[in-house]
């Protein structure tokens, strides 16, 4: 159960209206790595968790905080829009290039659809969608997803920080940056704890019997491009992070296997399968394909 | 520039047709964490990379391999569909519950749209979309995204491994599992190397001056749920992974700040702002809101 | 701010696993009119509300309840999936048509992506998206949207009620049906109260000066089809619900106006605008178009 | 069957080009509540209707009108774009901030994709999609959806009215506002008629036996937020609109039930289920969870 | 303006219910190449057309027919669903593998969302979206798009023809196949007429001065794969269809140009640009990159 | 298998930064007819091809080239963004209307999400999605789709050519225009070769027995609009392109057939089916419907 309190975790009031910035701020509300994403992601991870205790409590505890961040950003955006010129015609003012320029940078749906309100979309107006959410049931994979989400989120907030000089906005961003710092640290710590406790190991999923994978290629860096410097990284030699092998560097991909012959499905699918004479040629080509190198 | 060779990196031929499984296999071809995602993700990361050398070469080298994985899976799926019953009416056979059951589990677009061919969609027929791709320009964030993608991908392939007993299919999955093992290890190693070389640090982005974030809350676990076990994790006490602080545990979120008064945008947005008498009440309520605790 | 308590508003445990039903239940979790929609919709309406007091408190109060409904359904779905056969190969069992039939009706992503967990998608696996959300800032419009959402939601839950005989599931649905009954009544009552208090009137938005609309056609039913029975409804004669006019019935749409001549944009858009001889004909045709009836 | 006549229901010609406004106008053509939505919505409702006669005739009659509105708006948009500067390079002009400002506010796809033509998208360029359409087969629910659609539509047109001073555009909007007035009134009247005739009642669907819902909570307002004013609304006391109960106000949500223990699906899903020692702790936690309050 | 008549262009009644087939038939109603696509496509092409006369009349005339095809298919689908078992629990029957198998192949939203009605989606339940529509303003391009749409559509209907033995359904498909035959022929004829009349030529757009393209590579087939047979086609030698050149075959792509050095955007974007020591190496690498071959 | 070489097929460096143009250029990278579309389309067509030899080699050969075009455009876009003002606050500069105007025309996600990098989206920021891809298995249909894609693509590049005076950009566009010229010619030639060799004929699919379509309407132009000029086209009389018939012109659509009675599905779907008295009326209406004309 969720309970709401009519307070905000941190002050969220701008010094002045700025509809162009309101649009930009939508990114961290309703974008791929916005607050809706993490709130929903931690929610689904907690509901799908298979063990009670600290990991699930962590998910519940953070998830509810993130819904509060959604609220702070929505509240901020509505205020940024409150007295901003967002397309209403005001006689001569509208023809002022400065005003026109501002309007060009706003989200027209802020005005037309929401009447100067926040929207569950990103900075280009793409509606938030659940294709952004990750919740696999494997906590090591999912905590890595969470660490990434908090990193991407903090990168975006940091960029937004440089795009305004409104102290009220910067004050909120400063708070969000700190929380992202916490959450990055926390997910990395939690991922490490899973490994230290032996709950999960690398490679993920650690419960899959590693003997069933094709171990010959488990630690080969195979270079499918012509850059030579990839051989210099620690992914090209030395022990692997999973502690189970040694990286090797393969400068030239080994020869592959011939492609299987093209499929010939039922003729009632009306695919192009060729007339007899074509088929004759085709057979030759299949033979070529099969015997090539 | 990309060059194509009419070979596959690994054999990709099933022992027998299986249209139900073909549908499932679409997940790791065209799903959120399918091969199209990683191929495009590494591609965009490489094109947006800001430093030449080993990291970019790594992205180029792996990206091209992943396009080859897209091809292997597409080829496999087409063969799984080749002779499978996928909805064509065959007299009595169609009324056989076994056949009907099979058809119920297939993707109808495999038959109707692709004529027994592979499609750029997931196992529910959702078209692949670029909202799955991450390429921020910050390599520590992006390599973490990549590690996650390879973990999620390997989890999915491992699950698919248990859903078939076709040895041809399992052979290919065994190869893909191994490559995912490599790629997990590689991205984790690369992320570590960025930190060891001092190119990036935690928290990401490390170039943002940490003094500008609200350091009071940078390492607080604030518990917005009523589970008590989150205090037991290493994210609740001890040094933080970024090496810059100590985790603390806050069992009860501190009181927030009052919400700002509701916005009152231009009346030409025709939002509900209340008639005079309503406004009178409203003002009282605003006052309440502002003075609450 | 949102706070989470590790309890459910109502018991949400099925009597037995049922992966086919789990897929169906996704509709009222992550579909167009599922619980995610109403939770987010009431959230954005509250954040964008322009007057404090009872209407906004109502939105806050219900919104948080709906997030709890999201949680109940996710929890139920995870349990329906817990021990269900969802595609893992179990020797002979898999070839049993009954088992195959079950698998055909499941959501493959429940198994492959979520490892037997709930997902933020509908019963066809479409990810939830924010294009489902309505929050215009006009409360009479939005409360009507909410009444509709609760009606559609209750229709769907009622249908789902007939699709299972699991008493645990039915018990939860029975609870949800009752809450939908409440919420339908509540939004209709709230919409009426807005009108009774004179905060809003019909037509919405009531603050737009009605004299500026083309009053000649404000109450005409114009019949663009050949059914004659539309004239029998109360929308075809008598006083209008907004209390400002009388319905009239227009059996035949009046003649329209000629279409404007086709546009001739800048030739650098390379649209087909015709060569001289064509243009000659074209001009005649424009003339025809302009003078037709 | 649909028949087309090369006329418009109302004049749709602007006084002058305005590509910025053309983009805005896309909202009521191809947005969530644009004309495509209502045209398709009334279409599908009519094709799925279960009783012939006045209700279905109404749907057919209005649906065809709305397709004509799609056409009027598309025609208007093409003319607004006809001679507008939409990105073509014109020497010095392009560097004029006024021109640049205009271009900043246009939809680049109007120029690049449609060559100064209208598009089936909203004002942010999101393609129209059928997730906007409602057609449940229950007419009381669907007519409420329709009333909402016409309200949202009229709110948007009213906002657009204030965003231009082009008399040709305003003349068309004035016509559309009036038709939206009619359609709001009409759907409310039709919904009332369904109830007056006893075809449908509240709560929707009225054919579901109300005794099967959990009547204890059918008329309770349960306050999941801390605002106190919701108790003042008519949804908190007095008779309910469905005529079947009395509203009550529950200031504090009653205690919930313990969450069910986390699921433990088949290990071949490779979810994180914990190693023995973890499981030991986990069992304790389950016990705690079950016995909490 | 559009007018509706309560008739169908062709009989659309199945011999018996078939919910599995109803789902499949959704493809040609609401899929990428379904009737909604062509109806909307011809509509937008006509509204954006720049010359009056036969081409625009053609678009109007066919567009309205296609809306009638949408209606026929929706009507057919509703009837296929009318008495079909679509998930309602009927005691023992539900456990019959035959019934279960049928249900597995149905679209659950047909039952839950539409109450046994048609939906604006494809056979996998993806909502129709306007990203399927093409309307560029260039008629030769657009008529080619239309020819393709009718080809793809006819291929899909032909496949569906083999997936049923219901004579009522086959009778409708037989009609649709014939209309697709007409429409294929018609668009190819219209495309040819544009060329014969000199209104458009190849390459499209013919109004772009061909001298401004890089004529050296305008007719080269450059082989980026290792298949040798592409040299055998008429696209590898001989005169080109546009009548302006001769095809040549280039077996090996010529050497490309060095990639430009990686970008170094403003540091406030917090991309990874490398610390001094890294930069030192980087510069060397840039030099390498620039001087490579 | 795909191999990457760190070179570009053609120089892709702008003379100067231009973030507004970078946004526009996204259209031909990640839009409906951008390079990602054709790369993926030719890829899936090749993997689904049913005959080896020249047609499949052609698909492979071109597909790999198109992935290289994706890379060239991404590289170009990153450079256009490199030093451009994209929203970072620079004191007074930001208030300069010229700068503001520029920012209004940029894609905010270029800055916030990608840190001045290219993205897999179109010029309105819509993520690329696989709903743009066509791969039916029927080569005549698919080559027509390909010809259309290259035509639409060249139209878009031609428009973009007029939207910049940057010589570096124009030089790349000049190259792309030439390649589109080649590819248009090539697909038209390949489509013709399929017909000349008798591999496929018109109408597509030619393997469906034409006697099973309703031949009465296979070559009728039926005019569902009131324009008279459609009778003047070669689609209204004379031999049909498929060589199997003669076009005829039908000025007035023949009378249709009565609609079937509305469906009456199971009452547990809770659709509106009417109370007895309503049903009585309904039956009369059904009778009317059935006997109309």
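Placed from the backbone N, Cα and C atoms, the Cβ positions cover glycine too.
Features of the protein shown, as given by TrEMBL:
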type     : residues                  : note
BINDING  : D:35, D:69, D:150, D:183  : Mn(2+) 1 binding site
BINDING  : D:57, D:223, D:225, D:227 : Ca(2+) binding site
BINDING  : D:66                      : Mn(2+) 2 binding site
COMPBIAS : D:255-264                 : compositional bias 'Pro residues'
COMPBIAS : D:278-293                 : compositional bias 'Basic and acidic residues'
REGION   : D:229-293                 : region 'Disordered'
* Asked: Quick one: Cα separation, residue D:183 (Mn(2+) 1 binding site) versus the residue listed as 'Mn(2+) 2 binding site', in Å?
  -> 11
* Asked: What other residues of the same chain, not counting D:35, D:69, D:150, D:183, have a CB atom within 8 A of the CB centroid of the Mn(2+) 1 site?
  -> D:38, D:62, D:65, D:66, D:149, D:153, D:176, D:179, D:180
* To do: Fewest other Cβ atoms within 10 Å: which of the binding-site residues D:69, D:183 wins that one? Let me know.
  => D:183
* Structure fact -> Here the binding-site residues D:223, D:225, D:227 meeting chain A with a Cβ under 8 Å reduce to D:225, D:227
* How big is the Cα-to-Cα gap, in Å, between the residue listed as 'Mn(2+) 2 binding site' and residue D:150 (Mn(2+) 1 binding site)? -> 11
* To do: In whole Å, note down how far the CA of residue D:35 (Mn(2+) 1 binding site) lies from the CA of residue D:227 (Ca(2+) binding site).
  => 38
* To do: Out of D:57, D:223, D:225, point to the one nearest residue D:150 (Mn(2+) 1 binding site) in space (Cα versus Cα); all of them are binding-site residues in the record.
  => D:57
* **Members of the binding-site residues set D:69, D:223, D:225 whose C-beta sits under 8 angstroms from chain C** => D:223, D:225
* **Residues in the compositional bias 'Pro residues' (D:255-264) grouped by DSSP into helix, strand and remaining coil** => 0 helix, 2 strand, 8 coil
* **residue D:35 (Mn(2+) 1 binding site) versus binding-site residues D:57, D:223, D:225 - nearest by Cα** => D:57
* To do: Using DSSP with the three-state reduction, classify residue D:69 (Mn(2+) 1 binding site) as helix, strand or coil.
  => helix
* Any idea what the Cα distance is from residue D:57 (Ca(2+) binding site) over to residue D:69 (Mn(2+) 1 binding site), rounded to a whole Å? -> 19
* Asked: List, in sequence order, the same-chain residues at least six positions removed whose CB sits under 8 Å from that of residue D:223 (Ca(2+) binding site)?
  -> D:230, D:231, D:249, D:250, D:251, D:252, D:253
* Integer Å distance between the CA atoms belonging to residue D:225 (Ca(2+) binding site) and residue D:69 (Mn(2+) 1 binding site) -> 43
* Looking at the binding-site residues D:35, D:150, which sits with the largest number of other Cβ atoms within 10 Å of its Cβ? -> D:150
* **Protein Cβ atoms within 10 Å of residue D:57 (Ca(2+) binding site), excluding its own** => 24
